[in-house]
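**Q** Before I ask anything, let me first share the structure, which is written out below as structure tokens.
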Amino acid sequence: MRSIRKRWTICTISLLLIFYKTKEIARTEEHQETQLIGDGELCLSRSLVNSSDKIIRKAGSTIFQHSVQGWKINSSLVLEIRKNILRFLDAERDVSVVKSSFKPGDVIHYVLDRRRTLNISHNLHSLLPEVSPMKNRRFKTCAVVGNSGILLDSGCGKEIDSHNFVIRCNLAPVVEFAADVGTKSDFITMNPSVVQRAFGGFRNESDREKFVHRLSMLNDSVLWIPAFMVKGGEKHVEWVNALILKNKLQVRTAYPSLRLIHAVRGYWLTNKVPIKRPSTGLLMYTLATRFCDEIHLYGFWPFPKDLNGKAVKYHYYDDLKYRYFSNASPHRMPLEFKTLNVLHNRGALKLTTGKCMKQ
């Protein structure tokens, strides 16, 4: 009899704890959404910041249910966010260094490893743009396309391609996934590690031909290569530069300024979003606020399952695994997503995580 009462007591306490945690999550979400105030600043409470990852980890993706139906752009908020970001960086300028920034033979320190240096090669210098590739460019609608497997079976391809300007990340493949991700690419990032992971480190002619073919599809698009972040990828950058020059590819290369990543991080930290290093997706959204009137995000989903409990791949195009909540990760993607979700609900951007309506 005593053991039965003990089990009932434990069960009752467990139910009360679940009820309390559910109420806590609801209150936290409600509080966060009321914190987007003056000057476009995203002011998150200290308690939310400190508990954010814990809450997200326990509740999973279920706390991020938002609707795209009835979504409306909040133009005044968009303008205030742009104005606030301009206090930290000017994307038109910081999106790339230009030829006049360096001369061949100059030695610079890596952005995230100041003890190590890089020599500006002749090939690299020859590919630096004369002026910013985003100078005086403005667009009504932009799509920033992440690489989450949430895009698979979304049917978002046509909607993505309908935007005036499409930004993609890490040279992700598009042709074989066109129905879900589209093919239009106006600005595409490429971490040096992509050379090894997706193109075999250019070990043979077939790998090099595959890479050249991929870049030839970009035509006059901007290829954004973060060449100055950390030591280790410099040989890949040089190989890429050499192939572009040898094959006379028409892609427009860009290499982010030495201050960009710290300026972007500074903006979010000042607005009480304690990121480590901004992910490529968050970085692209931050830059896009400078030249896009309306920003739509696709392929952003830093969780292993969707809202229905179905497994979601880290990348839509490969089987790479990622531990979203690992302290060893340089990013805090769930926290970034939580922030973007708040901005969606306030009309600053549109975040699509489900199926797209047929056009």
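Every residue gets a Cβ built from N, Cα and C, even glycine.
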**Q** Going by Swiss-Prot, point out which residue in Asn74, Asn327 is annotated as N-linked glycosylation site.
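**A** Asn74, according to Swiss-Prot.
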**Q** With the disulphide bonds as Swiss-Prot has them, who is the partner of Cys356, out of Cys156, Cys169, Cys292?
**A** Cys156
**Q** Cys142, Cys169: which one closes the disulfide with Cys292 in Swiss-Prot?
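**A** Here Swiss-Prot pairs Cys292 with Cys142 via a disulfide bond.
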**Q** Residues other than Asn147, Asn170, Ser279, Thr280, Gly281, Trp301 within 8 Å, Cβ to Cβ centroid, of the CMP-N-acetyl-beta-neuraminate site?
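**A** Surrounding the site, in chain order, are Gly146, Ser148, Cys169, Gly299, Phe300.
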**Q** State which of the following recorded positions has the fewest other Cβ atoms within 10 Å around its Cβ: Asn74, Ser279.
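**A** If we count Cβ atoms within 10 Å for the recorded positions Asn74, Ser279, the smallest count is at Asn74.
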**Q** Could you tally the C-beta atoms, other than its own, that fall within 10 angstroms of the C-beta of Asn119 (N-linked glycosylation site)?
**A** 11
**Q** If you measure every Cα to Cα distance among Asn147, Asn170, Ser279, Thr280, Gly281, Trp301, the residues said to bind CMP-N-acetyl-beta-neuraminate, what is the biggest one in Å?
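**A** 16 Å is the greatest Cα spacing among the residues binding CMP-N-acetyl-beta-neuraminate.
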**Q** Taking each of the recorded positions Asn147, Asn170, Asn204 in turn and counting other Cβ atoms within 10 Å of its Cβ, which one has the fewest?
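**A** Among the recorded positions Asn147, Asn170, Asn204, the sparsest Cβ neighbourhood within 10 Å belongs to Asn204.
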**Q** Roughly how many Å lie between the Cα atoms of Asn170 (CMP-N-acetyl-beta-neuraminate binding site) and His331 (active site, proton donor/acceptor), rounded to a whole value?
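**A** Roughly 16 Å, rounded to the nearest whole number.
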